[in-house]
Structure formats: structure tokens, C-alpha cells
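Below is one structure, written out as C-alpha cells; the observations come after it.
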Amino acid sequence: MKRLFTSESVTEGHPDKVADQISDAILDAMLEQDPKSRVAVETLVTTGIAIVSGEVTTRAYVDIQDIVRKTILDIGYTRAKYGFDGETCAVLSSIHSQSPDIALGVDKALEAKEGELIAEDELEQVGAGDQGMMFGYATNETKEYMPLPIMLSHKLAMKLSEVRKNGTLPFLRPDGKTQVTIEYDENDKPVRVDTVLISTQHEPDVTISEIKEALIKHVIDPIIPEELRDDKMKILVNPTGRFVLGGPSADTGLTGRKIIVDTYGGAVPHGGGAFSGKDPTKVDRSAHYFARYVAKNVVAAGLADKFMIQVAYAIGKAQPVSVMINTFGTAKTDEDKILKAILEIFDFRPGAIIKKLDLLRPIYKKTAAYGHFGRELEEFTWEKLDMVNELKKIL
């Protein structure tokens, strides 16, 4: 049976993404000075104000005001007439120390306390910073090993920001959203783009027809592949007819409210934990990255066309309480064999994940817009395919 599936993305100027980028910029600043920083920073942005709060244990000193303003200005909120700008907005900060009760379990895992875990170094004794379940996914329907709807949505959002910032379309403002609907055939292969939707903030003196014509030429045509188009493809641009007031002055933004945009566009479940503002001892972040790393290597090794893994943790314990896989009927070998190989090859302890992916670095602001997965950036170590040969041995 044919089916339609839709995913969305947002630009870096979307209020929730402004909040995510501020939280991750603060995290980066702390990790740069003190890689052992424990950070959980939340941000709220609304008309004329940014509020930063959270729990932090660090030896670093960072200028919160300066980081917040610079991040907002870099995104493009540079003029007071936007209702929110980095020069004039108020910045409030309320940050306090991490709970010592949580630190007890993170600093030294339950297994280490009970003598079950003999680790080479302090990092490998780290326990999970919280309970929860994390999902990783990969599919061979795109070269990035990501679902096509979310990848096209991200690429449209990135292009929308690019043509705004480089002056190609000077009437655009920072806020924007994209959405792509893909038709899949009976074999679950993407065959065509059914609908492209772009909503973008703009200057008041430009018409909707001018916006649509410009976006088709400079954003949609360069991104949507010719082989996925037909004369039935629908293009929707600013369906309300007007989008002048946008950004935090129109919608309050909060850290962690775009978790589906951040991951797989709704193609698979999500454990619920957000990423931004959290240091890698928080398995909400590090275990999600590691689960993606495992899934991508499994699919790239040819063990399955689609692969999902769920990992779950208990606070203060190093080893996961469960690991589950699903190949959606696409496995090229026995699923039990795949799971056994994964558990032998990959170490799911938080400290081991941090070491393997080199996560104690100031790399996180780059993750905070346009997806944490599917981008081949040097800092995104979880996108590496360095375990493919090891996994191929089980075929």
C-alpha cells in the first residue's frame, strides 16, 4: 500500500531553536574551560527578554550576558523592529549548583561502588545522569542514512537561512519553518515529493507572490531532486498570507521543544529527553548520539535496510537496563545475531560513550539547529562509519 509521510524542520531563527542555541553556546563555553563541567541549562526567549536557568557544577567562569547576546545577533535578530534583538533585549540568569544527590550516582556508578566495575580511569566509572530510554535509527533511503522527509526539510531550512544571510533574498527575516511530505510505494521506497511547505518571516513591503516566486527559484528548486518531482507536487508558501511578526516576539521559545526536528522527523519513537544545554554525562544526549552511531554503522554494514535500537538506563548505573533492536523485517541475517554482535562490539556505559565519541569538547552549538543527525561535520563523531568492517564479520 502506498503511504504519505511528513516531517518538518525549522530555521535557526525559530524561537525554540534560538533557545536551544543559547543553551548549547553556554554549555560549549563551560566545556572549553572545564571539560568536566556538569551542565543542565534551560533558556526561555520572548518579547524583549532572554531568561537562562539551570544547574551547573564547573570551574569555568563564563559571561552569560555576552554569550546570550552574541548568539542572538549571530542568528540574525539585529534590529529592534523585529521585536527581539541581541543588543537591546534584557538577559536574566538564575543558575545554581547541581544536586549533590545526583552527583553521587554520576561520579561513581553503582557497579563501581559494589565492586562489579573495575575501570581504567575515573571517566569509565561514571553512572547514567538520569533514567530514561533513547532511540537510534538509520535507513538506507538517503546517502546520509536518514529518512528522506526530515533530510529534505532540514536542507530547505538551511537554504532558507543561507539566502537570507548572504543577501540573495534580503526581504527575509530569521524565523521560518519547512515541511516535506513524501510518497512511499508498496516496498516502502520513496517515489515522489507530494507537498513542500515553507513558512518564512519577511519584511512587510513584499507580496506573497514575490515571496513564493523567489523561494521556488532560490530555495525549493536547488533542494528538491528532479527525479522526485512531478506535475502533482504541491508547493505551499506562507499559507496564512502574511508572516511579518515572528521570532520570540510572536512565539515564546523554550529549550528542548523541537526534539522530533532534532532527531528523525517522527519516523521512529522518541524517548522524550531533549539534548540542548546538557553535558554528555546526561544520557539523554550522549546515549542518543551513541544509538545513532550504532544504527548507522549497522545499516552501512549491510546488516539491514532499516534499523532502530532502543537503550534504557537507570540513574546512577553504568550499564543499560535494556537494549532492544528492530530491523522492520529488513535484516540480512538473524536479528539475535545482530544484537549479540552489537553488545560485544559497542560499550554502552556513559563514560565509554563519552570517550569513544570524544564528547567532552565544545561542539554542541553546531548541533542546535538543522538536526543532530545526518550531517557530515568533523565534530559529529557519532556519524562516523568506523565500525562497519567489524559488523560485516557476522554476515
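FYI, residue positions are counted from 1 along the chain as it appears here.
Glycine is treated like the rest: Cβ placed from N, Cα and C.
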Exercise. From 98-108, 230-240, 252-262, 373-383, which range did Swiss-Prot mark with region 'Flexible loop'?
Worked result: 98-108
Problem set entry | Shortest C-alpha distance to LYS282 (L-methionine binding site) - which of the binding-site residues HIS14, GLU42, ASP251 | GLU42
Exercise. Among the binding-site residues listed here (ASP16, GLU42, GLU55, GLN98), which has the Cα closest to the Cα of LYS258 (ATP binding site)?
Worked result: ASP16
Exercise. For ASP16 (Mg(2+) binding site), what is the secondary structure by DSSP, using just helix, strand and coil?
Worked result: helix
